[in-house]
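Enquirer: According to Swiss-Prot:
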type     : residues                                                             : note
ACT_SITE : ASP135                                                               : active site, proton acceptor
BINDING  : ILE18, GLY19, GLU20, GLY21, SER22, TYR23, SER24, LYS25, VAL26, LYS41 : ATP binding site
DOMAIN   : 12-267                                                               : domain 'Protein kinase'
Amino acid sequence: MSGDKLLSELGYKLGRTIGEGSYSKVKVATSKKYKGTVAIKVVDRRRAPPDFVNKFLPRELSILRGVRHPHIVHVFEFIEVCNGKLYIVMEAAATDLLQAVQRNGRIPGVQARDLFAQIAGAVRYLHDHHLVHRDLKCENVLLSPDERRVKLTDFGFGRQAHGYPDLSTTYCGSAAYASPEVLLGIPYDPKKYDVWSMGVVLYVMVTGCMPFDDSDIAGLPRRQKRGVLYPEGLELSERCKALIAELLQFSPSARPSAGQVARNCWLRAGDSG
């Protein structure tokens, strides 16, 4: 039986493709069982290289089966088909953070603070459970229809991590969100990598643009070392700028932990942004 026919018998009606990777695509679908719209990630293991099938995919599935957090995407079920395809049925989202910024521009201070507090809480949960994401970026932060609630998604580069000396060597994620040590090919603490990426996400949220020009990747660490600049005339609280500076410290050891980020004074209610 084909995968699409099996999905139909299970009460799913596949719709348009809303995302596509090298070995997978994400489709929107309606579900009789869950009485509404879901997202289904379709992974074609036959087209994928052994490294993906034997290492990265099992890690992703292990994380998705084990995590339970209000700001991490929830998976309803996994459907394996004998033709090599795997269907991951999960929560659907109205949009993502990148689309919201592209559509509306920078996110106002209070809303940005509230959204980032949710992101920080989700990353702290992962790190407390010895898990890392390693691909935090605006596209992987899903938003509710009112753009007030977030869900982290896409754990394709996720793995277990128990901190130093449990270092990573795999280049993961997008260059624009990659920390200096990752770009330089140095064995890195993946938790500190996540923290750096959080800094890039926060900068994009509050400015509407990227902190560093990534058109020349070889020169990117040099620009990162100089620190960030802000668009002229941008109104942004000193507490927010201070947090971004902490997250984007060139030295990994100088960056805060995810727990420290979640407790940062800017994230306390009352700071207007």
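Yeah, the Cβs are placed from backbone N, Cα and C, and that goes for glycine too.
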Enquirer: Expressed to the nearest Å, what is the distance separating GLU20 (ATP binding site) and the residue listed as 'active site, proton acceptor' at their Cα atoms?
Expert: 16
Enquirer: Taking the Cβ of ILE18 (ATP binding site) as centre, how many other Cβ atoms lie within 10 Å?
Expert: 14
Enquirer: How many Å separate the two farthest-apart Cα atoms among the ATP-binding residues ILE18, GLY19, GLU20, GLY21, SER22, TYR23, SER24, LYS25, VAL26, LYS41?
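Expert: If we measure all Cα pairs in ILE18, GLY19, GLU20, GLY21, SER22, TYR23, SER24, LYS25, VAL26, LYS41, the largest is 14 Å.
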Enquirer: With every protein chain in view, what's the tally of Cβ atoms within 10 Å of the Cβ of the residue listed as 'active site, proton acceptor', excluding that atom itself?
Expert: 22
Enquirer: Could you give the Cα-Cα distance between the residue listed as 'active site, proton acceptor' and SER22 (ATP binding site), in whole Å?
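Expert: One finds 15 Å between the Cα atoms of these residues.
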Enquirer: Which site among SER22, SER24 has the most other CB atoms no more than 10 Å from its CB, taking these as binding-site residues?
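Expert: Ranked by Cβ atoms within 10 Å, first place goes to SER24.
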Enquirer: Taking the Cβ of VAL26 (ATP binding site) as centre, how many other Cβ atoms lie within 10 Å?
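Expert: Excluding its own Cβ, the number within 10 Å is 19.
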